[in-house]
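S.K.: TrEMBL lists GLU342 with the feature active site, proton donor. Annotation source TrEMBL lists active site at HIS373, LYS483.
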Amino acid sequence: MTDAAAIRDRLKNLPTPTLKELFDADPQRLSALTGRIGWGEGQTAGSILFDWSKTHLDEVHLGAFEELADAMDFAGRRDVLLTGGIANPTEGRAAQHTAERGIGSDAAVEEADALHQRMKLLVGAIRAGELGEVKHLIHIGIGGSALGPACALAMLARDIDAPLIDVHVVSNIDGCALEDAMHGCDPKTTMIAVASKTFTTTETMTNATSALDWLRENGVADPYGRVVALTASPEKAVEWGVDETRVLPFSETVGGRYSLWSSIGFPVAIALGWDEFEAVLAGAQAVDIHFRDTDARANLPLRAAFADQLYTRLRGCQTRAVFAYDERLKLFPDYLQQLEMESNGKLVTMDGKPVDGPTAPITWGGVGTDAQHAVFQLLHQGTVTVPVDFIASIAPGDALPDEHHRILLTNCFAQGAALMAGKGSDDPARSYPGNRPSATILCDDMDAATLGALIAFHEHRTFCNAVLMGINPFDQFGVELGKQIAKEIESGKGEGFDPSTEALLEAAGLK
Ligand code: F6P
């Protein structure tokens, strides 16, 4: 048995006191299981408090998980990640998203800086009207090329009273998505951003072609003159027809779901201005520095991964839920879904062997308080345990009477308390078992730096989970087969599918 397998075995056989028993047994529990990451001068410009005290982690778990991190070479793999080594061995490349935030090898940071400068110039020129009047931007991309900008804009754009340029993010190949965006835009003043790392993704290229046709049909003589390309394949963008001066490249070593920080963040900078985009990067950098410089015991992304491993691997929880008690974070659970499930939904370890337990849980969630009135019944009384993360901001985002935010926050904290405490009753239908875990992520405010910090925290948490399971979080071969079959069907070359698929194609008139 390897060291790691022996530690996992030991972890599996630890006693399982209830949350109440854990609190009763350790008066220091709260301070031992909370931590804070801050940023700005003296780390006072903003911060996030993380509280895992309502999870079943205790000193014994922390010690054993630390040993596991050691056995899985956490420090070595972190070093490879942050210094531009081959963090993604199946594709033979580095994973240099942190270099976009100034943390990485000198060469990668220098390259990212130069590309940011190029992006800043173009953003400045467009916002200053130097490329003609631009009132709308349709950002076309999918997956990592859309979710980051969409999530950031949902969170930050409401603070702007009269946006200089209004941005629509379109991802789905379903024409309804692009049509909806077109309805909100005047073609004469619309710019199109085509965001694709590979510049080959069917949905994006089809939507981009239709958007250009729409410009043309509405009197724009040179529709390609209205296109900006955001890509790691600049030569493909130029070949497709985008003028080289409007191609904003990013490094091949930045993964799609890790790419908000690169030129994929263009719509954020266009809508909110360069300073806001830089603030997002700065918040992320604060977390990178904490992650890089803090040893295992106090490393908060690693701590979060310990809790994830406890529930997924040791207690068999198949899902984890994230509830943002903040309307501005409504797309954050979707963002985390791609980040975590596309990164860690894997069957094999780094060396290609079958993984010896469950990997990524299903990440799901929503917005509080809405979700309380829809899905929380299962969290409180369902037969499965779902570890929950609550995310909230101390400062309100609205200017309505204080009671809105007060009720929002009290509900958030009440849910965590209720999940933990439960309540007995003579009537089984009215009884709550309690002892259900949750963690709380409490932000000072929900601003650009906080967004950057929250996303970077979850990137590193995802990486730490991968390290503890011995898997590669940076490839995603699982998405390819479905794409390939769709292409075969589309090109008319697909033959001999199963009877069900053949009948569906027939019924829909596709054969
Ligand atoms: O199909 C999965 C995926 O490759 C994601 O990883 C990626 O974010 C998305 O498709 C879009 O890819 P691209 O940016 O190359 O268009």
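Yeah, the Cβs are placed from backbone N, Cα and C, and that goes for glycine too.
Remember, TrEMBL labels are computer predictions, not curated facts.
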S.K.: What's the number of neighbouring CB atoms sitting within 10 A of the CB on LYS483 (active site)?
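M.R.: LYS483 (active site) is surrounded by 12 other Cβ atoms within 10 Å.
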S.K.: Hey, what's the Cβ neighbour count for the residue listed as 'active site, proton donor' at 10 Å?
M.R.: 22
S.K.: Please work out the number of neighbouring Cβ atoms within 10 Å of the Cβ of HIS373 (active site), leaving out its own Cβ.
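M.R.: Result for HIS373 (active site): 9 neighbouring Cβ atoms inside 10 Å.
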S.K.: For LYS483 (active site) and GLU342 (active site, proton donor), determine the Cα separation and express it in whole Å.
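M.R.: Between the Cα atoms of LYS483 (active site) and GLU342 (active site, proton donor), the distance comes to 15 Å.
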S.K.: What Cα-Cα separation, expressed in whole Å, is found between GLU342 (active site, proton donor) and HIS373 (active site)?
M.R.: 29
